[in-house]
Amino acid sequence: MSKTTVIAIFMVVLVLGLVTKETQGQELCHDYMSGTELCEEDKCVAKCIWMHGTAAKGTCMPKPSKQCVCTYSCNA
């Protein structure tokens, strides 16, 4: 094989490997928490960050609701 063909095959394998690595780390988990009082957005966000780290996102279910939903990386 010529040098150009070998380099082209190497680049294809490298790019495919990087794409596969990127898509594997994007799995998200959800944690549904119910309370006794109506959900408040800032408290929901703070609780999610406390439980799952700074990358977690918290949001209240459609209002009025007593449920908070945390979304975070499953790998964390």
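Residue numbering: from 1, along the chain as shown.
The backbone N, Cα and C atoms fix where each Cβ goes, and this holds for glycine too.
Per Swiss-Prot, the feature disulfide bond maps to Cys29-Cys74 (among others). Shown in sequence order, Thr71, Tyr72, Ser73, Cys74 are the residues of the chain, 6+ apart in sequence, with a C-beta less than 8 angstroms from the C-beta of Cys29 (disulfide bond).
Following the DSSP three-state reduction, the secondary structure of Cys60 (disulfide bond) is strand. Residues or ranges marked as disulfide bond in Swiss-Prot (evidence: similarity to another entry): Cys39-Cys60 (among others).
Residues or ranges marked as disulfide bond in Swiss-Prot (evidence: similarity to another entry): Cys44-Cys68 (among others). Non-local neighbourhood of Cys44 (disulfide bond): Met33, Gly58, Thr59, Cys60, Cys68, Val69, Cys70, each in the same chain, at least six residues away, with C-beta under 8 Å from its C-beta. In this structure, Cys44 (disulfide bond) is part of a helix by DSSP.
Sequence annotations record features per position, and here Swiss-Prot assigns disulfide bond to Cys48-Cys70 (among others). Under the three-state DSSP scheme, Cys70 (disulfide bond) falls in the strand class.
Annotated signal peptide per Swiss-Prot: 1-25, in sequence order, evidence recorded as sequence analysis.
Neighbour counts of Cβ atoms within 10 Å were compared across the disulfide-bonded residues Cys60, Cys74; the minimum falls on Cys74. Cβ environment of Cys39 (disulfide bond): Cys60, Met61, Lys63, Ser65, Lys66, Gln67, Cys68 lie under 8 Å away, each six or more residues apart in the same chain. In the three-state DSSP reading, Cys39 (disulfide bond) counts as coil. Of all the Cβ atoms in the protein chains shown, 21 others lie within 10 Å of the Cβ of Cys70 (disulfide bond). For Cys48 (disulfide bond), applying a Cβ distance below 8 Å and a minimum sequence separation of six or more within one chain yields Asp31, Ala56, Lys57, Gly58, Cys68, Cys70, Thr71, Tyr72.
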